[in-house]
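Peer 1: According to TrEMBL, the protein has these features:
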type     : residues : note
TRANSMEM : 27-50    : transmembrane segment
DOMAIN   : 43-291   : domain 'G-protein coupled receptors family 1 profile'
TRANSMEM : 62-80    : transmembrane segment
TRANSMEM : 100-122  : transmembrane segment
TRANSMEM : 134-156  : transmembrane segment
TRANSMEM : 201-227  : transmembrane segment
TRANSMEM : 239-262  : transmembrane segment
TRANSMEM : 274-293  : transmembrane segment
Amino acid sequence: MGQENKTQTWVREFILLGLSSDWKMQVFLFVLFLTMYLVTLVGNVLILLLIRLDSRLHNPMYFFLSILSFVDLCYSNSFAPQMLAHLLSARKSIPFYSCVLQLYISLALGGSEFFLLGAMAYDRYVAVCHPLHYTVIMHGQLCLGLAAGCLVVGFANSLMETIITFRLPLCHNVINHFACETLAVLRLACVDVSFNKVMVAISGFLVIMLPCFLVLFSYVRIVAAILNIRSAQGRSKAFGTCASHLTVVCMCFGATIFTYLGPRSASSEEKEKMVALFYALVAPMLNPMIYSLRNKKVMAALQKVLEKF
């Protein structure tokens, strides 16, 4: 009974080890991450406002981009504020139920983003391979259905993974991470977690590889269609409509596949921290830049809004 009470006391909160124990490094990271977080907020909110205000951006491509920006905003907010507060705190603790919620929200939004990138690849496939039927195929109901389906799949997968993770008995409450992340929490378990690791692997395959296969299929067809275009200007214009999305896809899928589907090593825990940091701050910060700087319509919409003010 004493041991049981002790265990219940332990899981009232978790202690996060964070990224560094050196105070000067923590202050440096706080300034760096705060800057990145503010750029993320400004960039994604600006994308949402431009798409809302400019009628030239009211089409399927920018609808999916607005959903992506919203997901990036929420994903970054599920990590960044707590991480910034902990960088200036001596005791980096998080209540048990806050940890559960953070893991659930981050997994759900991360999974939804991968499926959104797959849906955006399909949108680009239709735009390049069936340009005359684009507005008929990518009608409003289909776009809403695809976006809703991406979110439903992401949140359903996250619910399953969160439940089987936090049903495990835990031996201690110190997490070697800056946030509540599945594999980091599994290391606290007092029992064999082979089943959980198998489920995480299956979940990772479905959430990462299925959208990845859809992206690959779409771009194989896109490249084939582009090569059949006779004029160099036409090929350049067709590729230009996909360049921003392809850049984001390579960045997001590449980082995850390299980290989670690559060989395990002694430095795996540090790699997990880096990929979580990448998706919490780096990717949400870069996505608006990639889509705006490489997109003439977005830049024109920005110029129009600036002229009004």
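Counting begins at 1 with the first residue displayed.
Cβ coordinates are placed from backbone N, Cα and C, and glycine is handled just like the others.
Locate each feature and note its surroundings.
Peer 2: For the transmembrane segment (27-50), the residues of the chain that approach it from at least six positions outside its boundaries are 19-20, 57, 65-66, 69-70, 72-73, 76, 80, 83-84, 87-88, 281-282, 284-285, 287-289, 291-292, 298, 301-302, 305, judged by C-beta separation under 8 angstroms.
Below 8 angstroms of C-beta separation, residues 33, 37, 40-41, 44-45, 47-48, 51-52, 102, 105-106, 109-110, 112-113, 116-117, 119-120, 123, 143, 146-147, 150, 178-179, 276, 279-281, 283-284, 287-288, 291, 297 of the same chain, each at least six residues beyond the ends of the transmembrane segment (62-80), sit close to that stretch.
Packing against the transmembrane segment (100-122) from elsewhere in the chain are residues 61, 64-65, 67-68, 71-72, 74-75, 78-79, 82, 94, 146-147, 149-151, 153-155, 157-159, 161-162, 165-166, 179-182, 185, 207-208, 210-212, 214-215, 218-219, 245, 248-249, 252-253, 256, 279-280: each is 6 or more residues past its ends and has a CB under 8 Å from a CB in it.
A Cβ distance under 8 Å defines the sequence-distant neighbours of the transmembrane segment (201-227), meaning residues of its chain 6+ beyond its ends; these are 110-111, 114-115, 117-118, 121-122, 124-125, 128-129, 153-154, 157, 160-161, 235, 238-239, 242, 246, 249, 253, 256-257, 260-261.
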